[in-house]
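These features come from TrEMBL:
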type: REPEAT; residues: 8-108; note: repeat 'Solcar'
type: REPEAT; residues: 121-207; note: repeat 'Solcar'
type: REPEAT; residues: 227-324; note: repeat 'Solcar'
Amino acid sequence: MEEPGQLKRALIDATAGAISGGISRTVTSPLDVIKIRFQVQLEPTSSWALLRRDLPGSSKYTGMFQATKDIFREEGLPGFWRGNVPALLMVMPYTAIQFVVLHKLKTFASGSSKSADHINISPYLSYISGALAGCAATVGSYPFDLLRTILASQGEPKVYPNMRSAFFDIIRTRGFKGLYAGLSPTLVEIIPYAGLQFGTYDTFKRWTMSWNRLRSSNTSSTMDDSLSSFQLFICGLAAGTCAKLVCHPLDVVKKRFQIEGLQRHPKYGARVEHHAYMNMFDALRRILQLEGWHGLYKGIVPSTIKAAPAGAVTFVAYEFTSDWLESILT
């Protein structure tokens, strides 16, 4: 059995992770909805691509501003938070598991349970710890991620009125394993994504702390090397952007597997047919063949715009919530 101090640390990490994940997901939901609409659309997502392929007017969404305007006109403001309930049910346990596992791995690697000592571990161990924590969190919360994608990808009229109807239709048409459709590309994506996000976040924090020390020595001030909330925000923003740019194609593949064979209103374009892709590599090949490189980066603009503040808000909210909980529990 774990010591009380270790249990308390796990509770702090889980609570801070859940709160920071919930805040981040709710704040960035509109950008996530637009990103998902682009990713599941088989037709081109830009006017330029339509003209190149001589397919005028055949796409529902042809740009970020056009998509924003259409969603608001057809679905109102709530349309930008479509699927937010399963998103919160997914992201809160996800970030809770992620930060608990991450802290355990860093404690093992550094030989200390103190968060202040974790900044000194090797960058490689930061990347590996982040990747393993991301895998554990993904497996634990994946069905809610799938339900989120399905509800956010539909417009008006709704195919599924709520999370319950989507859940039972998946069970009926795909069986229980349907709740984990797209898990393979997700795990392949999350390893580099979580590794890059947490690894680069620690790297940027180390660089910023070194810069603070250098500035302090040059000005002969007594300022320590601790990071301000703005510096934490910038480190999280940079980490989220780097990770998203590298891993976006695998996110597109994941979304295609998640909606494969499910109902889709005709006005939103062709649906992804059942067994459209044999596996992850076949999906990458077919998207590249039929939609070009642009197809693998559908939704990259709202995704990148979302990833930066999402990463920043998550890390800042986690650091502040963790510090606050430590102050009242220790």
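Positions of Cβ are set from backbone N, Cα and C atoms, glycine also.
A TrEMBL annotation is a machine prediction, not a hand-curated record.
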Structural state census, the repeat 'Solcar' (8-108) (DSSP three-state): 80 helix, 0 strand, 21 coil
Helix, strand and coil totals (DSSP H, G, I; E, B; other) for the repeat 'Solcar' (121-207): 73 helix, 0 strand, 14 coil
Stretch-averaged pLDDT - the repeat 'Solcar' (227-324): 82
